[in-house]
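The annotation transmembrane segment is assigned in TrEMBL to A:6-22, A:31-49, A:69-95, A:107-124, A:130-150, A:162-184, A:204-228, A:240-257, A:269-293, A:300-321, A:403-423, A:444-463 (among others). Annotation source TrEMBL lists domain 'NADH:quinone oxidoreductase/Mrp antiporter transmembrane' at A:128-416.
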Amino acid sequence: MTNLLLLPILIPLLTAIALMLLHKRIEMQRIVSVLSLIGTVIATSILLAKVKTDGIQTLNLGSWEAPYGITLVSDMLSVLLVLTATVITLFVIMFSFHSIGRDRETFYYYPIVQFLLVGINGAFTTGDIFNLFVFFEVMLMSSYVLLVLGGTKIQLRESIKYILVNIISSALFVIAVGFLYSVVGTLNMAQISERIAESNQPGIITVIAMLFLVVFGLKGAIFPLYFWLPGSYYAPPAPILALFGALLTKVGVYSILRTYSLFFYHETGFTHSVLMILSLLTIIVGVIGAIAYWDLKKIIIYNVIVAVGVILFGVSVNSSTSIEGSIFYVLHDMVIKAALFLLIGIMIKITGTSNLKQMRGLIKQFPLLAWTFFIAALSLAGIPPLSGFIGKLLIVQGGFEEGNYIGAGIILLSSLLVLYSVMKIFMNGFFGKPTEYKADHIPVGKLLIPSIALVTVAVLYGFNAELIYPYISDATETIVNPDMYIEAVLRGE
Amino acid sequence: MEILMSIVIGILFMSAVYLMLSKSLLRIIIGTGLLSHGAHLLLITMGGLKDGAAPLLGEHAKDYVDPLPQALILTAIVISFGVTSFFLVLAYRAYQEIGTDNMDQMRGTEGND
């Protein structure tokens, strides 16, 4: 079935349209969204198996030959990201049943989440630079609505800032595409790569590479462009925050990884060292924020920034070991960030505050929540058998192999501070003099199920690294050999 | 021709940046409008401004202008329409709820204590 790689985009899209028609019937909406997400997970798993056996899958929409039409490309990296994004959305939707509230549910919450997934899956799968822009906009518009849905003062205020930043970055994206089109005369990513290789990357291409770094850096929150993220992500409720923190920035990171490995790999001296410096500064800013705050949301939000820096450091080192590490780490980080946001969401619901100084002794009343959080925290920091370990190990190893001791050292040190920041939550929130919290009206058990499921996924991911490794190494192979990608798109094998 | 257009686009970007750095929310939204005008004009300029017939096959001309940037702009225009209308309604709602359109008064210190 050649249309298989369209299904992760098509199923959520059709579901979203269907859900808009039954927006008054909440039970139906819940059932339909969960069923369609399970269907998407199954379709993506089949696609994963197909990519594993048959190599990169491409689909020319409307049967126009590759450079002239829009091509969708599923290599191993994109299909792994699509699978991870869909699994996370499934669990977050299950979490929202008991936490998002009826008002939001009747105002198109479920359809908009599906549209968000359409944008994300499309951005991971497309092989056309302008189509990437369009899928970015699909994703961003859904995120605007999700951010402001509910209409409290803080949401309105922060949405204005978030939308303004993203309008500017979208305009810059259009400008960058315009420049790139005037230089290479094509929009197909494989053909762009081929033509840049033919012209041997003149200076103007390096300028465009920097412009793309600014555009995707604004989406992915790298060092000087992260300023919008802590405020904006503070506003929405926990499940929406989990979707944003796990998925949105990672699309920017994926786009940097894709463009810097497919387009701009000829003159790596300048572009990749700029990326390296920025990623290290991102890590430093992130850990400073993570240890500075006494607020649950802020601590995890700054950990999102740290992870973006770690992943991009692996990309900037640009050896196959470090790219492997980045791919391992990005998948782990998406899952664990979603899990952590859901867990602190439960904590905030129980205590009624996100201020760490006003909560203590939760472990007596909620031991399961406490120990799940403990495992998630260790996993985030990268304690060996858990999921964050192998990715960071490979990134650090790649850094040492290329003689970049300072960068690798900063990453190791950052792990320590990340561990400190989440252990601060654990020690202050869960230990101490027990307080009686009235939690009868909060379905803690039901909220815990999807969170525990996500942590379980993360733990299994860590323990089965050996099993997952062949998939990651396939993904790395197409990233470090752009020729494989070009061959698959332009010559159909 | 392209040089002239580039200068005009540059002026548009300049005004957009100036407006977006101001305090009033409506001026910021006008700035985003100018920014998207600039981006769209840039797309058409970067596609080339050579002489040629409009891209309609019924014209039976020897040369046509590049049809691709026109399709890209059409897409970008409707997207920025959608976003701008959402932004305007959001500004209206924010004015109703918060009671100001001054960006200086829309600060928050949540999570800072």
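Every residue gets a Cβ built from N, Cα and C, even glycine.
Curation does not apply to TrEMBL; its annotations are automatic.
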Item to check | Interface-richest range of A:31-49, A:69-95, A:130-150, A:240-257, A:403-423 toward the transmembrane segment (A:444-463), CB pairs under 8 Å | outcome: A:69-95
Checklist entry - To the transmembrane segment (A:69-95), which of A:6-22, A:31-49, A:107-124, A:204-228, A:300-321 is linked by the most Cβ pairs under 8 Å? => result A:31-49
Checklist entry - Can you name the far-off residues of the same chain, 6+ from the ends of the transmembrane segment (A:6-22), with a Cβ under 8 Å from a Cβ of it? => result 28-29, 32-33, 36-37, 39-40, 43-44, 47, 59, 72, 82, 86, 108, 110-112, 114-115, 117-118, 121-122, 125
